[in-house]
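Asks: Quick one: the structure is below, and I'll ask about it shortly.
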Number of protein chains: 2
Amino acid sequence: MSKIRVSEIFGPTIQGEGALIGEPTVFVRTGGCDYRCSWCDSLHAVDSDYRADWLPMDAYEIFEKIIKLSKGKPLTVSLSGGNPAIQDFGPLIEMGKKQGYRFALETQGSITQDWFKDLDLLILSPKPPSSDQVVDWDAFEACVRAAQQARTAMKIVIFDDEDYRWAKGVADRYSSLPLYIQPGNHTPPPPDEPDARIDMQGILDRMEWLVDKTLNDGWFAPRILPQLHVLLWGNKRGV
Amino acid sequence: MSKIRVSEIFGPTIQGEGALIGEPTVFVRTGGCDYRCSWCDSLHAVDSDYRADWLPMDAYEIFEKIIKLSKGKPLTVSLSGGNPAIQDFGPLIEMGKKQGYRFALETQGSITQDWFKDLDLLILSPKPPSSDQVVDWDAFEACVRAAQQARTAMKIVIFDDEDYRWAKGVADRYSSLPLYIQPGNHTPPPPDEPDARIDMQGILDRMEWLVDKTLNDGWFAPRILPQLHVLLWGNKRGV
Ligand code: SF4
Ligand code: SF4
């Protein structure tokens, strides 16, 4: 069985963002990403400097850890990264679903896997201009198609006016997908200092900016949500 | 056309609680309630001392105001109170839906209306022991039935261990309804001082208490959400 490079497995805690906000969740964060977003808040799972911390685990080992954390009671497992779509989660999802666990995956939409169709929720999070990445829309489209009947939602992080305009364009193109927008965290934790203090007022201000901008603009399609875990617990990791 | 007693109409802002958290919403809050919860955070829409502030409006007048606030762009309208189920919202819902508006109603589940079936979302919020109210479960059951095909969710506010145990019992009874639990606001705004400062640390502590308690207990059925508008904007009304 192929190995998955795991940066961290933690929980249960509540999902802090997007479509599953508030949902009791165990997180499996994988190491490695084909992107390098300028404001990445998960550098410890992206930068190859931290590669030594990524443990190769097979589906059995991961599921054992999930069962231990959840005391064997089925819940939602969130697969994140890095880009978790790099890994082969097919066997884990199959194994977990048999015991009632549900699986959500969040990815930027650059890499497709045929097991996307087995997810309970696929969250596609295309990266806006401020990330300095360029979206390959054919690859993104392939992800949407691979999801087949799996529930799919879109999440876009917005830092500035340009991101906002871009998000509206993407939303028009994929108007059938439920959309969640969230203000960017301009003070992500440095990877070596996961508990660094954050600029809470700045985070609140950016949320207010995004809410005001969207609503004054009469754009009522997206839900607008902050990173709840940051509001509740700062940048602290593993909660 | 019958009149609806309106305490306030405001928005668009984002929904701060429960199933529609983050959703752009115009709120119609009605005056009058058949309950007197010990910790009611909407006394200005409950206590008859404020009756003089409740404007009798018909469906046309209310819809006109909703259209003005939303600049004619359809969005979600949240009917709240007090107990909005006391009023006759049938004509407003019919009128609004024709133009693409969606309607959600939140009620404690003590009074049924046949127009519940026309809602896009019925949120039933039975009040736990700490409210000092006694739930009439036959009346509650009638609300669930009246919803028919309308999407229905349950929201329970939890102040203490007794409320928590009670919520679990209710959840077992209505296990098919999506459940949202939220910590109580122990510092609701006095009705004459809507912008009174709040005990933010206490609110964060209660959220942490509820998350820890629920997850340590292995109860993964409910989503656990704070009152987001309180975290973002304190007790300030009309945002
Ligand atoms: S796609 Fe996500 S994990 Fe990868 S660099 Fe961008 S923000 Fe970081
Ligand atoms: S049911 Fe709601 S509005 Fe009525 S008294 Fe209780 S908390 Fe207040």
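Think of each number as a place in line: the chain as shown, counted from 1.
Cβ coordinates are placed from backbone N, Cα and C, and glycine is handled just like the others.
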Asks: To which of A:S2, A:S48, A:S70, A:S80 does TrEMBL also attribute binding of substrate at the site defined by A:I14, A:Q15, A:G16, A:R29?
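Replies: Candidate in the recorded substrate site: A:S80.
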Asks: Given that TrEMBL annotates A:W39, A:C40, A:D41, A:S125, A:P126, A:K127 as binding S-adenosyl-L-methionine, state which candidate in A:G72, A:G82, A:G90 belongs to that site as well.
Replies: A:G82
Asks: At a CB cut-off of under 8 A, do any of the binding-site residues A:I14, A:R29, A:S80, A:G82, A:K127 come close to chain B? List them or say none.
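Replies: Listed in sequence order, the binding-site residues near chain B are A:I14.
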Asks: If I take the alpha carbons of A:P126 (S-adenosyl-L-methionine binding site) and A:C33 ([4Fe-4S] cluster binding site), what is the distance between them in whole Å?
Replies: 14
Asks: State the count of C-beta atoms found within 10 angstroms of the C-beta of A:P126 (S-adenosyl-L-methionine binding site), not counting that atom itself.
Replies: 23
Asks: Give me the Cα-Cα distance between A:S125 (S-adenosyl-L-methionine binding site) and A:S80 (substrate binding site), rounded to a whole Å.
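Replies: Here the two Cα atoms are 11 Å apart.
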Asks: Would you mind sorting out which of A:I14, A:Q15, A:G16, A:R29, A:S80, A:K127 (the binding-site residues) have a C-alpha within 10 A of the one on A:C37 ([4Fe-4S] cluster binding site)?
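Replies: Those near A:C37 ([4Fe-4S] cluster binding site) - Cα within 10 Å - are A:K127, in sequence order.
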Asks: Tally every other Cβ atom lying within 10 Å of the Cβ atom of A:W39 (S-adenosyl-L-methionine binding site).
Replies: 15
Asks: Does A:C40 ([4Fe-4S] cluster binding site) have same-chain partners at least 6 apart in sequence with Cβ under 8 Å from its own Cβ, and which are they?
Replies: A:C33, A:V46, A:P188
Asks: State the Cα to Cα distance, in Å, between A:R29 (substrate binding site) and A:G82 (S-adenosyl-L-methionine binding site), rounded to an integer.
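Replies: Rounded to the nearest whole number, the Cα-Cα distance is 7 Å.
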